[in-house]
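Database features (TrEMBL):
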ACT_SITE  HIS106  active site, proton acceptor
BINDING   9-28, 88-91, 172-174, 198-200, ALA216  NAD(+) binding site
BINDING   TYR53, ARG56  substrate binding site
BINDING   CYS114, CYS117, CYS133, CYS136  Zn(2+) binding site
DOMAIN    1-230  domain 'Deacetylase sirtuin-type'
Amino acid sequence: MTRIIVLTGAGISAESGVPTFRGAGGLWEGHRVEDVATPEAFAADPETVQRFYDARRRAVASVAPNPAHHALAALERAIGDDLLVVTQNIDDLHERAGSSRVLHMHGELGRARCAACGERPPVQDDLLPGPPCPACGERMLRPDVVWFGELPYGLDEIDAALAACDVFVAIGTSGAVYPAAGFVLTASALGASTLELNLAESEITPFFAESRLGPASVLVPEWVRELLAAPSRTT
Ligand code: BV8
């Protein structure tokens, strides 16, 4: 049963060299994520959107997990199914650090989605040249990423975990995007203790019982060490 839910955002990958969305004016490859991460943008200009995600897929392949990702993997090794990492990130740094209980609520760069048959095949190379879907052969693969206006993945599983958890921790998220930004309210309303680990105050800082400011690579290992040293402690 999930006792601890950790919600991660772009800030946990920042020290690995993956740009955040709202740092540096929120531009990524010269685009505002809200302008390219929508089904309408993809319909209007699929090449630009494919190029945006192909560039990010290549960039993520060249970086490595940082101590924050490794600390969460160590926590999973210690408490197993009592931990669920819900990530808004589409990179695979949690998995490359060794985490296996990871729910990518906004999808993954490492997967495509066939607009013809719905297959979600793993993908490593660029989607722009239009490779055929391995299941149906159609050349209609898009990034398997949840865009604005699309339903996030795993909401039922997340809701069940929020109802059961004792501890909810958010790491490196600005709290700008829903429904993820509202998870802390659900968890605390259901009696969980809540902790935010972030470099700066976020839009949801006021909703947390405790908020610690600093880089994830320092705060996350520190929190995991504390947690494992005092098992009775819940945050
Ligand atoms: C949906 C994938 C219908 C693409 C992304 C209320 C309820 C429900 C929906 C809405 C609502 N109000 C508005 C909406 C609509 C919309 C929304 O939220 N819009 C916003 C702009 C207002 N939401 C949606 O459309 C969602 N779908 O609503 O479906 C529905 C939903 C529920 C139930 C029924 C129906 C879908 C949204 C998903 C969009 N896709 N990503 C891609 O990656 O390209 S969002 C994308 O942006 C990320 O996934 C992430 O979620 C978000 C960026 O946020 P962060 O990860 O927090 O990153 P950010 O750069 O903002 O902040 C970085 C943070 O890190 C900062 O706080 C910084 O201080 C910190 N930091 C930096 N360095 C460090 C650090 N912290 C620690 N250490 C460091 N070193």
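Cβ atoms are placed via backbone N, Cα and C, with glycine included.
Keep in mind that TrEMBL annotations are predicted by a computer and have not been checked by a curator.
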Around the Cβ of CYS136 (Zn(2+) binding site), the count of other Cβ atoms that are within 10 Å: 13
Where the C-beta lies under 6 angstroms from ligand 1, the matching binding-site residues among GLY9, TYR53, GLN88, CYS133, GLY172: GLY9, GLN88, GLY172
Cβ-centroid neighbourhood (8 Å) of the Zn(2+) site, CYS114, CYS117, CYS133, CYS136 excluded: ALA115, ALA116, GLY118, GLU119, PRO134, ALA135, GLY137, GLU138, MET140, LEU141
Greatest C-beta neighbour count within 10 angstroms, which of the recorded positions ARG56, HIS106: HIS106
CB within-chain contacts under 8 A for GLY17 (NAD(+) binding site), separation at least 6: ALA59, VAL63
Fewest Cβ neighbours within 10 Å, where candidates are the binding-site residues PHE21, TYR53: PHE21
For CYS114 (Zn(2+) binding site), the one of GLY9, ARG56, LEU199 that lies nearest, given that the binding-site residues are compared by Cα: ARG56
Alpha-carbon spacing, ARG56 (substrate binding site) to the residue listed as 'active site, proton acceptor', which is rounded to whole Å: 15
